[in-house]
Amino acid sequence: MSIEALKTQLPAFAKDVKLNLSALPREDSLTEQQLYGLLVACGYTTRNGTVAQALEAEAAPHLSPAALDAAKAAASIMAMNNVYYRFTHLASNKAYETLPAKLRMSVIGNPGVDKVDFELWSLAVSAMNGCGRCIDAHEAVLREAGLSEAQIQTAVRVGAIIASAAVALEAAGAGFPEAAE
């Protein structure tokens, strides 16, 4: 499956989603690895198998096996970090911020791809998961590395488009097998 195949599964009410998905491969402010890694990381972050499989199929010809694995690693490690750090940030009891996390996250230090690309994928996933602390941390690293605000915004926009595709599928019943009964 690909973006084109995914679009055919979207309902009529999701015309804007289809148009936004169509524009993704033409995005030119990011490198090929950055863009296609975003498709994979954000696709898996939706937790929608149809979306994840379609975007991985679209991205695979453009990514090395190491980059494909790193994009999946960004989705999985941020799933953990976003829950944990969103809790420590939002909890009224600030003592939680002083406790050691005791979470293994060595992939962040050695992702197997350019660290800037991994940070960009992590930022988009963090935006999708709503972790303000992680968003700020990744955005600061990316700005320090020289990425522009427009490039950072593009990454988050890609995540937003992908999230909207998953919701459109689910709203149409494609993501809930029990809805077909």
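Note that Cβ sites are derived from N, Cα and C of the backbone, with glycine treated the same way.
Taken from Swiss-Prot, the feature disulfide bond applies to C131-C134, supported by similarity to another entry. Residues or ranges marked as active site, proton donor in Swiss-Prot (evidence: sequence analysis): C131. Among the features that Swiss-Prot reports, active site, cysteine sulfenic acid (-SOH) intermediate is placed at C134, with the record citing sequence analysis.
Counting only same-chain residues at least 6 apart in sequence, those with a Cβ under 8 Å from the Cβ of C131 (disulfide bond) are M78, N81, N82, V83, Y85, R86, H89. Taking the Cβ of C134 (disulfide bond) as centre and 10 Å as the limit, one finds 22 other Cβ atoms among all the protein chains shown. Following the DSSP three-state reduction, the secondary structure of C134 (disulfide bond) is helix.
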